[in-house]
Amino acid sequence: MMKKIDVKILDPRVGQQFPLPTYATSGSAGLDLRACLDDAVELAPGATTLVPTGLAIHIADPSLAAVMLPRSGLGHKHGIVLGNLVGLIDSDYQGQLMVSIWNRGQDSFTIEPGERIAQMVFVPVVQAEFNLVEAFDATERGEGGFGHSGRK
């Protein structure tokens, strides 16, 4: 299913010098977001920085949200992940997409202008209404959590 989402280009290099986000394959779930930087940024081990994408989106549909996720290769090979682990973009947000990047690796990492730094996935949203109760109906699991089912 394809859905149209309003996007605003905030930096004229996006779509020219830096490609617009696209799906790499027909089966891709995520769109790659790029670093819209003037110069390379050196990120020391343990450091975080906010990187602009040069884009703003307005999802508008309250049954959708977007999540920003790390790129698997950056995390596995270089220890580069999102500073907030997952970024949530609500349907009514209209500001620039900024990516919080954390270097959890042992070496400095350089973020180059135009580099693919994160991916964005659109997800369905269900807003819940709480029903206050005194007790729950019993289930097999009950209150068991955090490893209650073992490792094997």
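Each Cβ is built from the backbone N, Cα and C atoms, and glycine gets one as well.
If you look up Swiss-Prot, you'll see R71, S72, G73, N84, L88, I89, D90, M98 marked as substrate binding site, on the strength of sequence analysis. DSSP gives S72 (substrate binding site) a helix state.
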Other CB atoms, at most 10 A from the CB of M98 (substrate binding site): 15
Hey, of the binding-site residues listed (S72, N84), which one tops the CB count within 10 A? N84
Counting across all protein chains, other CB atoms within 10 angstroms of the CB of D90 (substrate binding site) number 12
In the structure shown, with every protein chain counted, which of the binding-site residues L88, I89 has the densest set of Cβ atoms within 10 angstroms of its Cβ? I89
